[in-house]
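These notes concern the structure reproduced below.
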Amino acid sequence: MSSTPSNPKPQSQTAAGGTSSAVGEVEPELRPQVTSPKVKPVVLGVTGVFIALVAGWALFFTESAEATLGVLVGWIGNWFGWFYILLATAILVFVVVLALRYSKIRLGKDTDRPEYSTFAWASMLFAAGIGTDVMFFAVAEPASQYLAPPVTEAGSLDAAREGTVWTLFHYGITGWGMYTLMGIALGYFAHRKGLPLAVRSALYPLFGKRIKGGVGNAVDIATVLGTIFGVATSLGIGVVMLNVGLDIMFGIDQGTPAQVGLVVVAVLVAIVSATSGVDKGIRILSQLNVVLALVLAGWVLVFGDTAFLLRAATMNVGDFISMFPGLTLDTMAYDHPAEWMNLWTLFFWAWWVAWASFVGMFLARISKGRTLGQFVIGTLTIPFIYILMWVTMFGNTAIARIRSGDTAFAEAAVETPESGFYMLLQDFPGAFFLVGLATFVGLLFYVTSADSGALVMANLTSRLPDAETDAKPWVRILWAVATGVLTIAMLVVGGITALQYATVVMGLPFAFVMILVAIGLLRALEGERKQTHAMMDSLRSQVVGAGGVVGGGAGAGAAGGAGAGAGSWRNRLRRQFGNVSLRSTQERMSEVVIPALEEVAAELREQGVDAQIVREDDVSKKIKHSVSLTVQGTHEMLENFDYTAQIRQIKAATYGTRMREADDVSSQLEVKVPGGGTYDILDYSRERIAHDVLDHYTWWLNSNVAVTEETKVGE
């Protein structure tokens with residue numbers, strides 16, 4: 001994961017002819033004010049000290065650390081197990097509701113469009129669903145759930161069917177719902193509201209400017225700690241599994257020395273990536289890895305029992321759909337298998353929580369310009385397709401082999417799950433090639449995860465000038481080393497089990513942060529929706545006034561009728577069959593719109609309101625000119641008032657016998673509506689535009705009162 005260079009934005013011209021930054025929708029001082037990455041000293045210091053203490057404790061007081069982890073996980077499982085399960089389900093329902101209610105809102109400005117094609121975006125989402133841990137659990141979990149299920153009789157046909165379903169459940173849409181939530185929140189507040197690409201930004205609707213201080217630091221600390229333990233768990237699983245592959249191929253003994261060596265390799269790769277600019281090469285390797293992983297799964301399908309696997313895959317989909325409603329809130333209260341729950345469902349939900357900010361940041365970066373509906377559908381379905389393919393191919397093959405009577409494989413898959421995957425591959429034609437391919441794929445997933453993990457944690461502990469800039473190299477190196485040391489420490493304590501336990505513990509604080517993120521996101525989206533509806537109601541009251549006369553309502557009157565009277569509808573209709581020149585809209589902008597906005601701004605300043613006029617030229621390929629009347633919010637939790645008129649060039653319409661040429665374009669003079677949408681003001685008179693501004697401004701003032709009262713109640 002690495003950034004793409006950002007395009008320089010044009011300077012804005014004020015009415016007076018000077019330059020100024022276009023006023024955004026949040027307080028300007030909350031936007032990144034740095035021109036180069038700078039470290040957040042409090043966040044880096046606190047997290048660094050905590051991780052150093054935990055790693056030192058694990059390395060030098062191993063037995064004490066192992067015992068304490070066990071006690072903590074038991075306590076969390078007993079008192080917060082229900083919370084993890086309820087949270088995971090609630091978040092999934094929440095993101096689906098967001099997709100239905102706010103589907104057209106973009107993760108970016110209304111004029112933004114996706115930076116990547118649908119195919120490229122889908123490919124990156126597909127790649128996000130792949131990792132060494134998927135290779136590990138695709139065999140280990142179905143086998144374990146078949147031989148030691150939580151409720152069903154072990155070794156039964158029902159256990160065989162449920163074994164794969166449990167794996168799909170733990171790796172499926174519930175976990176991806178958490179990633180989706182963080183991706184929406186980070187993308188919305190960074191790309192649409194202009195705030196830093198950081199979790200603290202999502203809490204702006206709840207805490208306002210206080211996200212710059214202690215509240216924001218606390219959120220960042222919880223985020224970093226959850227992330228580093230989640231990454232360390234994945235790396236720990238990776239080194240244990242890769243050690244088996246290297247042992248089979250090259251005779252490298254399995255054990256701590258080899259695993260420490262693999263961790264060092266990952267750290268070195270991250271250091272090289274940070275200092276030599278090979279990010280692009282690593283990104284290409286990760287994309288290649290997707291293809292190789294598909295080859296591996298395809299090999300199993302073609303050279304295995306193909307007909308059985310296709311039948312099993314179809315059955316798994318049906319079983320998953322039918323069983324999911326019962327599994328999602330099942331705390332197993334009466335026959336509570338505490339150890340099973342801690343090692344499986346609670347571990348997975350905590351692991352997803354720990355990784356949520358990591359993957360959410362990646363999803364936000366690649367999804368700028370996409371609508372919220374597109375984002376939710378894509379992130380909940382595309383990665384799951386890969387998970388479904390991988391788990392059904394390997395999981396069903398593993399269960400079938402155990403049911404055939406292979407007790408040695410059954411024992412290995414449960415007792416040493418890292419070796420179970422390779423034992424399965426060795427039963428296929430070209431075993432040495434398959435083992436080598438699997439080891440290479442796992443190694444690439446491993447090193448790219450370590451590199452991107454260091455990058456994300458470096459970004460979380462830095463103030464960045466924009467969403468496309470990354471932290472300084474030395475911060476990335478620091479986090480690469482810290483992650484490596486923590487991984488080694490946890491492996492020394494108790495291997496993969498210790499890493500699982502640590503994730504359950506450290507994921508808990510960030511779970512509460514995710515609740516706040518959801519509340520903040522909902523408040524922002526609902527506020528935007530209400531504002532959009534209020535503005536559209538205002539528009540309708542102006543277009544169809546009393547008696548159905550165009551130009552009625554607040555903006556009607558003697559002056560309003562001149563420009564928007566009975567002939568206005570005829571002018572609008574004629575424009576549908578012809579072209580409106582750029583020159584004519586520019587003249588209307590300069591002779592009517594700008595003077596109207598300047599008059600309103602002057603009157604507001606007379607009333608003591610700091611109103612500014614901001615102009616921009618060549619805003620984008622389609623937006624040629626824009627002018628905004630802006631007023632800063634009078635309360636720290638209120639967005640700024642922004643009435644923006646713009647000239648948009650569009651392709652001329654084709655009707656009847658009229659054929660459009662390739663370069664046949666028309667121009668629109670329109671007003672932006674927050675949340676998406678515009679309306680035409682070409683026929684508006686100066687007086688009517690002034691009334692339109694005041695309609696918007698009145699709604700904004702009423703919102704100000706509501707927010708202030710709500711905050712006072714909260715305080």
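Using N, Cα and C of the backbone, Cβ positions are placed for all residues, glycine too.
Caution: TrEMBL annotation is automatic and unverified by curators.
Remember, predicted model here, so these are calculated numbers, not experimental data.
Now, the feature entries from TrEMBL:
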type	residues	note
REGION	1-22	region 'Disordered'
TRANSMEM	41-61	transmembrane segment
TRANSMEM	81-100	transmembrane segment
TRANSMEM	120-140	transmembrane segment
TRANSMEM	168-190	transmembrane segment
TRANSMEM	219-246	transmembrane segment
TRANSMEM	258-278	transmembrane segment
TRANSMEM	290-310	transmembrane segment
TRANSMEM	343-363	transmembrane segment
TRANSMEM	375-395	transmembrane segment
TRANSMEM	431-456	transmembrane segment
TRANSMEM	477-498	transmembrane segment
TRANSMEM	504-525	transmembrane segment
Name the range, of those listed as 120-140, 290-310, 343-363, 477-498, that has the largest tally of Cβ pairs under 8 Å with the transmembrane segment (258-278).
477-498
Can the transmembrane segment (431-456) be said to touch the transmembrane segment (504-525) if we require at least 3 CB pairs below 8 Å and skip pairs under 6 apart in sequence?
no
Check the transmembrane segment (504-525) against the transmembrane segment (343-363) for contact, please; criterion is three or more CB pairs under 8 Å, pairs 6 or more apart in sequence.
yes
Sort out for me which stretch, of 41-61, 120-140, 168-190, 477-498, has the most Cβ pairs below 8 angstroms to the transmembrane segment (343-363).
168-190
The transmembrane segment (290-310) versus listed stretches 41-61, 120-140, 168-190, 375-395, 477-498: most Cβ pairs under 8 Å:
375-395
Contact call for the transmembrane segment (120-140) and the transmembrane segment (219-246): at least 3 Cβ pairs under 8 Å, seq gap 6+:
yes
Top stretch among 41-61, 168-190, 375-395, 477-498 for CB pairs under 8 A with the transmembrane segment (219-246)?
477-498
If we skip the immediate neighbours and take only residues 6+ beyond the ends of the transmembrane segment (477-498), which ones have a Cβ under 8 Å from one of its Cβ atoms?
48, 51-52, 54-56, 58-59, 62, 65-66, 69, 228-229, 231-233, 235-237, 239-240, 256, 259-260, 263-264, 266-267, 270-271, 274-275, 343, 418, 450-451, 453-454, 457-458, 461
